[in-house]
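> Quick one: this structure, given as structure tokens, is what I'll be asking you about.
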Amino acid sequence: MTEHHNTTYGNGKGEGQPVGIALLGLGTVGAEVFRLLNEYNADFTQRVGGPVEVRGVAVSDASKAREGIAPELLTEDAHALIQREDVDVVVEVIGGIDYPRELVLAALRAGKSVVTANKALVAAHADELAKAADEAGVDLYFEAAVAAAIPVVGMLRRSLAGDKIQRISGIVNGTTNFILDAMETTGASYEDALAEATRLGYAEADPTADVEGHDAASKAAILASLGFHTRVTFDDVHCEGISAITAEDIQAANQAGYSIKLLAICERLTGEDGKESVNARVHPTLVPKEHPLASVSKSFNAIFVEAEAAGSLMFYGNGAGGNPTASAVLGDVVGASRNKVHGGRAPEENTYANLPVADFGQTQTRYHIDMQVKDRTGVLAVISSVFAEQGVSLRTVRQEEGKDGARLIVVTHAATESVLDGIVRALEGLDDVHAVNSVIRLS
Ligand code: NDP
Ligand code: HSE
């Protein structure tokens, strides 16, 4: 069989030359990246075409004892490590936005390729980072930034580059899926499930990013940008988390045949004038039990892609944790290192389509509204009229005896978000409605 990997283009170091790695961060992800870089080193040499050598590891506290790592490799000066002449590829697994932005820009401008798992950074500063990588002619890889081990970034960048993506949706945050799954299947409390997800290394350094949906929103921004060839940033994504979801919501959903999942949904929309726009949003969603997303348990992620020619594709796998994330990081390290040895660059992100981001209010959705109402004749007619006035029809209505009056659970047919939101405001103002307990969208 012919081996092609000896080819070296103009800007390659040449077959057999070592590739120097600067590892920034040695936490949940960095420690696994370091361990596997050593364990698979002989294989990586073959795959890359030259030895892959770690030059140093930046941490916040170099005096802390670390198992399996020579103390002389550790440094608190990440900037100096990046600038070393024998460093070719910088791996950023520190987290946060401002400091890693500084480091990644410095690395790219110094001609180093960068691999990062940092979705918050990429979703906030993608244009600036891509420009710096282009100007320096180096690679910027971020496979691990979305859904950890699931190779969805590479799939959108390469495999589906010849298709037209209509929709990308799914579960992209392991921590919140772990929490919702534990609350539903074992009756665990929200607090206990979050503590366990943190202990297992799934949660962000500040888990607010997980539970308030920010982490999933960053991932949605990245997926939408890649899928629609349009820059979508974190600020463009409508974002609601799971911190308001109660055990009662989960029980009610369960009784009605649904699981509650935090979904990221990225859609291409076509207006009445034929003009296209895009939309990206993250919110808790009721998923019918028979839908494949309902059975995605623990910290697993699953992503559906609908493309015009390919049809529907589903990707499933480990969405968080040190080991699965290290797999994605190391795939990128091998790619970036190979390009350093043989020359050439990875496929770039292309935002040529530059579609407008549609207002969230225009999104079509369906609501599941759980409310506490007066237990008197005619209440149902009053409530129904609020929907009818806005031209929204009801799919199901369920009434139960409540502690204080009756509990009414209504599922609507599809309408725009702004109309449905207006209906909820109107319901809250009715004398007959004691409280709107929860409003959850349906998939
Ligand atoms: P951790 O908090 O576990 O680790 C962070 C590491 O960065 C630590 O080693 C820490 O040093 C180091 N660090 C912090 N500040 C500095 C600094 N100023 N200079 C140098 N080093 C510093 O984070 P994770 O490993 O969980 O996450 C890292 C990145 O990977 C984040 O962007 C996260 O979003 C992303 N990611 C995480 C996943 C996961 O499942 N955990 C999955 C996918 C992506 P020290 O050891 O001294 O404290
Ligand atoms: N905190 C993230 C999650 C890590 O729970 O999904 C993986 O990106």
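Every residue gets a Cβ built from N, Cα and C, even glycine.
Among the features that TrEMBL reports, NADP(+) binding site is placed at Leu24, Gly25, Leu26, Gly27, Thr28, Val29, Gly30, Ala31. Taken from TrEMBL, the feature NADPH binding site covers Lys119. Annotation comment: TrEMBL describes Glu204 as L-homoserine binding site. The annotation active site, proton donor is assigned in TrEMBL to Lys219. The domain 'ACT' annotation in TrEMBL covers 368-441.
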> Where does the residue listed as 'active site, proton donor' sit in DSSP terms: helix, strand, or coil?
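Helix, per DSSP.
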> Looking only at DSSP and grouping its letters into three states, which state does Thr28 (NADP(+) binding site) belong to?
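In the DSSP reduction, Thr28 (NADP(+) binding site) maps to helix.
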> Just jot down the residues in the same chain as Gly25 (NADP(+) binding site), at least 6 apart in sequence, with C-beta under 8 A of its C-beta; none if empty.
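Sequence-distant Cβ neighbours: Ala58, Val59, Val91, Glu92, Val93, Ile94, Gly95.
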> So among the binding-site residues Gly27, Gly30, who's got the most Cβ atoms within 10 Å?
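Selected residue: Gly30.
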> Whole-number Å distance between the CA of the residue listed as 'active site, proton donor' and the CA of Val29 (NADP(+) binding site)?
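Per the Cα atoms, the residue listed as 'active site, proton donor' and Val29 (NADP(+) binding site) stand 17 Å apart.
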> In whole Å, how far does the CA atom of Leu26 (NADP(+) binding site) lie from that of the residue listed as 'L-homoserine binding site'?
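The Cα atom of Leu26 (NADP(+) binding site) is 14 Å away from the Cα atom of the residue listed as 'L-homoserine binding site'.
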> Near ligand 2, which of the binding-site residues Leu24, Val29, Gly30 are found, taking a Cβ distance under 6 A to any of its atoms?
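Within range of ligand 2: none.
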> List, in residue order, those recorded positions out of Gly25, Ala31, Lys219 with a Cβ under 6 Å from any atom belonging to ligand 1.
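Only Gly25 meet the Cβ criterion.
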> Pick the one among the recorded positions Lys119, Lys219 whose Cβ has the fewest other Cβ atoms within 10 Å in this structure.
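Ranked by other Cβ atoms within 10 Å, the recorded positions Lys119, Lys219 bottom out at Lys119.
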> Applying the rule Cβ within 8 Å of the centroid of the Cβ atoms of Leu24, Gly25, Leu26, Gly27, Thr28, Val29, Gly30, Ala31, what extra residues of the same chain belong around the NADP(+) site?
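Those within range, site residues removed, are Leu23, Glu32, Val33, Phe34, Val93, Ile94, Gly322.
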> Would you mind reading off the Cα separation of Leu24 (NADP(+) binding site) from the residue listed as 'NADPH binding site', to the nearest angstrom?
15
> Hey, how far is Gly30 (NADP(+) binding site) from Glu204 (L-homoserine binding site), Cα to Cα, in Å?
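That separation, Cα to Cα, works out to 14 Å.
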